[in-house]
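The next block holds one structure in the form of structure tokens; read it before the comments.
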6 protein chains.
Amino acid sequence: MYFHVQQLINEIEQDEPDPAAANALQEGLGGQFGEMRTMMQYLFQSINFRGPSAKPYKDLIQGIGTEEISHVELIGTTIARLLDGSPRYNGKPTDPVDKPGSGGATPLEIATHESNIHHYLVGAQGALPVDAAGNPWMGSYVYNSGNLVLDLLYNLMLESTGRLQKCRLYEMTDNKTARSTISYLIVRDQAHENAYAKALETLGVNWRTALPIPKTNAEKFPEVARLVEMGLQSKQYSFDLTNLSEAGKIFQGMSPSNDGTQLDASQQAPEGVPMTIAPERFEEFAPGADPELRALIEATAEMEMADIEATFGRM
Amino acid sequence: MYFHVQQLINEIEQDEPDPAAANALQEGLGGQFGEMRTMMQYLFQSINFRGPSAKPYKDLIQGIGTEEISHVELIGTTIARLLDGSPRYNGKPTDPVDKPGSGGATPLEIATHESNIHHYLVGAQGALPVDAAGNPWMGSYVYNSGNLVLDLLYNLMLESTGRLQKCRLYEMTDNKTARSTISYLIVRDQAHENAYAKALETLGVNWRTALPIPKTNAEKFPEVARLVEMGLQSKQYSFDLTNLSEAGKIFQGMSPSNDGTQLDASQQAPEGVPMTIAPERFEEFAPGADPELRALIEATAEMEMADIEATFGRM
Amino acid sequence: MYFHVQQLINEIEQDEPDPAAANALQEGLGGQFGEMRTMMQYLFQSINFRGPSAKPYKDLIQGIGTEEISHVELIGTTIARLLDGSPRYNGKPTDPVDKPGSGGATPLEIATHESNIHHYLVGAQGALPVDAAGNPWMGSYVYNSGNLVLDLLYNLMLESTGRLQKCRLYEMTDNKTARSTISYLIVRDQAHENAYAKALETLGVNWRTALPIPKTNAEKFPEVARLVEMGLQSKQYSFDLTNLSEAGKIFQGMSPSNDGTQLDASQQAPEGVPMTIAPERFEEFAPGADPELRALIEATAEMEMADIEATFGRM
Amino acid sequence: MYFHVQQLINEIEQDEPDPAAANALQEGLGGQFGEMRTMMQYLFQSINFRGPSAKPYKDLIQGIGTEEISHVELIGTTIARLLDGSPRYNGKPTDPVDKPGSGGATPLEIATHESNIHHYLVGAQGALPVDAAGNPWMGSYVYNSGNLVLDLLYNLMLESTGRLQKCRLYEMTDNKTARSTISYLIVRDQAHENAYAKALETLGVNWRTALPIPKTNAEKFPEVARLVEMGLQSKQYSFDLTNLSEAGKIFQGMSPSNDGTQLDASQQAPEGVPMTIAPERFEEFAPGADPELRALIEATAEMEMADIEATFGRM
Amino acid sequence: MYFHVQQLINEIEQDEPDPAAANALQEGLGGQFGEMRTMMQYLFQSINFRGPSAKPYKDLIQGIGTEEISHVELIGTTIARLLDGSPRYNGKPTDPVDKPGSGGATPLEIATHESNIHHYLVGAQGALPVDAAGNPWMGSYVYNSGNLVLDLLYNLMLESTGRLQKCRLYEMTDNKTARSTISYLIVRDQAHENAYAKALETLGVNWRTALPIPKTNAEKFPEVARLVEMGLQSKQYSFDLTNLSEAGKIFQGMSPSNDGTQLDASQQAPEGVPMTIAPERFEEFAPGADPELRALIEATAEMEMADIEATFGRM
Amino acid sequence: MYFHVQQLINEIEQDEPDPAAANALQEGLGGQFGEMRTMMQYLFQSINFRGPSAKPYKDLIQGIGTEEISHVELIGTTIARLLDGSPRYNGKPTDPVDKPGSGGATPLEIATHESNIHHYLVGAQGALPVDAAGNPWMGSYVYNSGNLVLDLLYNLMLESTGRLQKCRLYEMTDNKTARSTISYLIVRDQAHENAYAKALETLGVNWRTALPIPKTNAEKFPEVARLVEMGLQSKQYSFDLTNLSEAGKIFQGMSPSNDGTQLDASQQAPEGVPMTIAPERFEEFAPGADPELRALIEATAEMEMADIEATFGRM
């Protein structure tokens, strides 16, 4: 059973809207090696896990899988912020929907020139469950052979490929909104690489000098370096409210990435950061601009707090 | 940010393995109107939500979306249990993998006669992210127009279709393992129907006699009736650890299903039930039968509890 | 612009329900070489047609394309009839939905044993836009290169493959409902083969002895033989209400199938046969069994004829 | 059974070629909420319809479904016109195919810079059965649960989403060719919203102030306003040559869109407008530029009118 | 550039037709971890390979990739043999196509009861490019990140998963035709595991006791044991006619599978076995039963050998 | 069984990188009518071939199929060359990965502006198994009805469509690297058109003036003209090391393309040209820039030649 807090797992920096960066980031969300895939893969591996004596391995996968849901939330929100308001940003007029075409340009003209027109046409300047080339996410991405060594080996390869793609994404854009999330995920992907590599160590493999993959200087990216200094690549969170996770039996000792750090599974979860709700976009009819409708929404929202508190207790 | 507890959201009854029922249930997991779809749809609608003054609507969607992750976990586990051990159950020999073909039949012969051979060949007698006809789940299922009325209308239709399909599933099998989960989801789908219907009421629609859909006697199914008597069709859980959800501003008053109940959003979450880990299946090489490997796994699992407690605190 | 008459293009014989035959026929509806494909391919070729001086070729394609919509209607209806009531037919109990499981079997148990469970679970014992292996129809099937010779060559191959598959379907079932439609389509596919072959003759090809394809004794199938005697393989209908079609400039002279018949494009359309509406299926909740709802439907249906006539004129 | 007239359902205005607008319009043709989808969905719902006493509902769906085929024809033709000649329009040289590369640019260079290269490479500057992101249309889009209330609810949502996307398309381009078709479809989508909303009213729902969706000022778009003044949003055509449609039993009384109009189902069909055939495009080898071939085509086209008239009667 | 010899890479044993086994084997041909995938993946990795100094790694991948084409040929032929004549074998009548239905059964009745109806309806009792659940092979399966360590790691996982699935296939059927090919591929997959594992050893990994995967007793399957005794799991063929392959710089020394064998890359290719051509199947209209057509085919085939020899030289 | 030589089937000219041309060429590689499709289609047709007396037809298909593998290799390599180094070529800075963003632009910024971002993000500036619109190749493209006439007719249409698309590609770019491969494939596609047309002639068709398709002046493209003068459009290679091919029984006599040439099947294969290995790309982490890793690779590559020669013999 899952719970939610109204917080993001990491801070998203403010910067200008950037629909090209937003589209590139879609690979990290809905791509074959993106967060929707890791989330679903680990969820299925946890559900179908075999071998009661191997519980620490299940707990390791379950913990990372739970984190991936928060990564979906993080990267999805990042994409939405990069798209939000982008028609205005690119110098196009911001005519309200009622006056299309005045001044020679149209409110959503940008949509026909940017990477994925669906961001403006099917969605309302928000994230989509597709990759950076517009292909919808597919269930056939999920790998769960049931063989423990193979599942762990696949997961190691999956996290490493995710990290490789995010390093390439870092090189594609210098938008700070995009890079703050990309950098965070580079480091967390390495933590997950470490987790699966360590699990394979307990099963007989010696990685020696092979890790991390890609074996490069991602740590020279300044935002990445800052997070590495904080040791985020060597932490495993359980996200387990019942504190029953035995993942720490595996995630301990020296990092297989050979960076001299100790693996640490002692923390339940990182501190979150507040979430906000995006503004209305009239040109998208989102959430729907009718004054009468708004009055209804506000009437609902302005219900007596007394009633609410009676219902929910302290908030 | 999301958290997990090592509990299922509802009890799964014990019964014989039944791979045909397992396959039928795949529609409820990976089908176009199954739990993976509701989970992802509400997650994207929450991430991309517009209109700060409409927070109660976002909280409603977020709360249901969080519940759907637990439904994925529940129905996935149900499918895995229905498949687990089915080669033996159907009268096939249970020869260890080392002696294939002895006695004239082979350990996994069942796989070529049952609904989805992938349950035995790609997975190891576990759930898959596909529907009951074997089609992989697709990101293009997710609907998130950004227009609030449309998103709510779609969600109402989605929950109602899910409930319709589960009523049909109930009629396809009398396996108790299958029916315990089907019945629970019929009732919770109705609760979500109520939630979206109520939200649309606040925006101007009067459903009068149209709900629930399908407008039938699902409550005459005994397992469903029991849950309806407990009022589960009229409860909304927030699953919100921070108690910031304002969904109760919407989910209150008389049920739009005209069953005379009061809608109730006062509970954070239902009580969970314990989870177990499935046994090994040698004929699937899952998790992998090598004695040396097992010794390694057990060595990891038998680490000193003292060390663990030092790391994790009380467990 | 298109019009409809409430008639089927050919009679469907009565026989027992037969879900296996229904599923096989799905290839002829939603398969890569089925009627949805021919319909869409010719519609796109008509829309995108180039060359004002080549109007007879466009009219030929447009006329066949219009006929294919009626074929979709015919084969879809045939599938629906083969499925309708099949749970009862196969010896399963016909318990009303309110008493599931009594007598040991469940109302829709058949669904888990037949070819495509979606016929009972996603649809309500009706046709689906999928092929006989359950794959959804795809737009990428449509071929429209814009090059006239290539488009005609493809169309000839397409009709011939459709005819080949229907000959194989004929051999898979002896259900009369299925065979009446299969046989009709075998003959009409040959008519379309003749149309495209003749069009290629006007552009330089001499087919000599190569046609029809498959070059076999389909005419020895008794139902096919009867239709061939009526000359249906050598008729082209325009389905053009404005009588502007010039397809007869091409579809004339001796048949390229070497059967000694003259091609004849003089008839606008065949005589249709009446359509009926299928009965309710309570076990599918279709159209929805609630008495109150039925009363509403009937109230609408029983509106004063006087009112209707005032609105519509003579009916 | 279906018929065709050589007329478009609405006039397409003349304007410059505009491949970006053409690509955006593909969503309205081959997108998940486009005309191919409505056409196929209503065709399947008609074929599989259950409940003889509910014939007016079937007739309503069948009538709209028939109209959608004409919409496919209309929007497909619009896309083809927007693409036709676009290589020349954008200032690229118009070298015949025999002299590629002279002057530094190539005849189809535009293809590598525009939204969907397939418009020039797979098709010959014509419409494709794909959406605006290039995804092929899929049969899995079609919804037909068999439950009447659910099917109507889905249809209402589908038409509203189609209308929402077309409002966004209007904002993306000011090309008159594109806007004339977009505006017409906005208004007809609203008519279909009204039809399904009214049908749900007869089954118990009171929409009060919720319609139309999106609840906005589309009527302030000048082209839309003109059509609304003509009342096209409140008309239902039967397209039924046999005048047996009972859709008028439902489509009557005040509009559920609260615009003060009376719903009117008295007209069989709108007046059509003439169709034309697009010119040849040598750079696409369409229809195929060989002089010998042309002579053959023209020989066929110039057949004695006497012969034709003998065959077809008056034309 | 590639060449072909008219020989299969391994002998296929004779046994009865078995369409269920044929369908299971489709996973090994067109599945996500089947031979089409390995073939295409290694072909793309060879084409896109970077790093002139790393030529031995490219040669290793190229050599395995070339072998996989022969594996596609082998498993495809095996499937075709298992299907060929299966209508007759299963006790169905073998009426010629001209007399369908006589005796109460139809020539292809088997098709509606077996795993994939397309084997009889779309193909003519032959192999298809799909997996065992009927999903078509997809280009998105191919993994080629460009990062050498990752590509090798993926390849190791891919071969191991292929081997795991083939071990499961072995347990699903005891048909000798099926098992002779399954066993051969189990052993060759292990050879490829060894190749990629050894390549990763040169880059820093020490596999110690982790290999092979699945770490089981596949060698206790008698057919597998026989091949292992011959050392086929420790041989790498170059299939390189120019003898330029440097794969032997990697594939040498002790096997990483810890079976005590020496890796051996000294052989260019295994000895092949003769190929045969399948008989005609009249019920499938394959290759097409018309006597006139046959006469033409035979006339072509009986051309003077003198002419042929003049053209081709010695044969 | 297949073999490889380390040679390309045709020379690729040197020119500047051109990612737009690279993307266009993807249609010829992974498109519905590209080389992966012809390769797979002919491979399956060869495997499933029926009719021992029709061996020359099988040999014809097998020979062309083998050539298509080399075409996949050729066009894939061409695409890789067009992409290789393109970030630098387009005036973007070539900062090493360690200094992203310096100078205001990022190393892979080009990726977000070019046709398919996957060329830089999923691959490392290399070819992908997708078409020019980014759709992955699908097994459902493969056509193999088993009926000989139909299979040959389809193959003729397939080669002609491939040739049509390549003619359009020629018009889209004047990059010499792209055109050298496009031109070669135009001519070889015509050779294959001739092969299938001739095979159909032996079965009764007289093509008279209909060929080649497209019936145009491709021979006026200078690069094409040069190859036509060399007669490459009238040659069939067997690629058969055992010289058992009987394809020459069909591929002989006058060309059906009416160009006055004699068909010639006397040559086993064309002369190949040397292959090279692409340089490293640090910005793609390909093959992986770590100095330690490089040392290991070089150590492997610099193994004693004496050892190698002992193992492989003369190289």
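Cβ atoms are placed via backbone N, Cα and C, with glycine included.
Predicted automatically and left uncurated, TrEMBL annotations should be read as such.
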Key: Record-annotated Mn(2+) site (TrEMBL): member among C:E35, C:E219, C:E223, C:E229 besides C:E68, C:H71, C:E159, C:H192   = C:E35
Inquiry  = Using the alpha carbons only, what distance in Å do you get between C:E68 (Mn(2+) binding site) and C:D59 (Ca(2+) binding site) once rounded?
reply    = 14
In three-state DSSP terms, the structure that C:H71 (Mn(2+) binding site) belongs to = helix
Cα-to-Cα gap, C:H192 (Mn(2+) binding site) vs C:D59 (Ca(2+) binding site), nearest whole Å = 13
Remark   = Neighbouring CB atoms within 10 angstroms of the CB of C:D59 (Ca(2+) binding site), all protein chains considered, total 25
Note = Neighbouring CB atoms within 10 angstroms of the CB of C:E68 (Mn(2+) binding site), all protein chains considered, total 23
Query = Excluding C:E35, C:E68, C:H71, C:E159, C:H192, which residues of the same chain place their Cβ within 8 Å of the centroid of the Cβ atoms of the recorded Mn(2+) site?
reply = C:T38, C:M39, C:I64, C:E67, C:G162, C:L185, C:R188, C:D189
Query = What are the non-local neighbours of C:H71 (Mn(2+) binding site), defined as same-chain residues 6+ apart in sequence with CB under 8 A from its CB?
reply = C:I9, C:E35, C:T38, C:M39, C:L185, C:R188
Note = CA pair C:E159 (Mn(2+) binding site) / C:D59 (Ca(2+) binding site), Å rounded to integer, equals 17
Ask   = If you draw a 10 Å sphere on the Cβ of C:E159 (Mn(2+) binding site), how many other Cβ atoms land inside?
value = 25
Query = Secondary structure at C:E35 (Mn(2+) binding site) (DSSP, helix/strand/coil)?
reply = helix
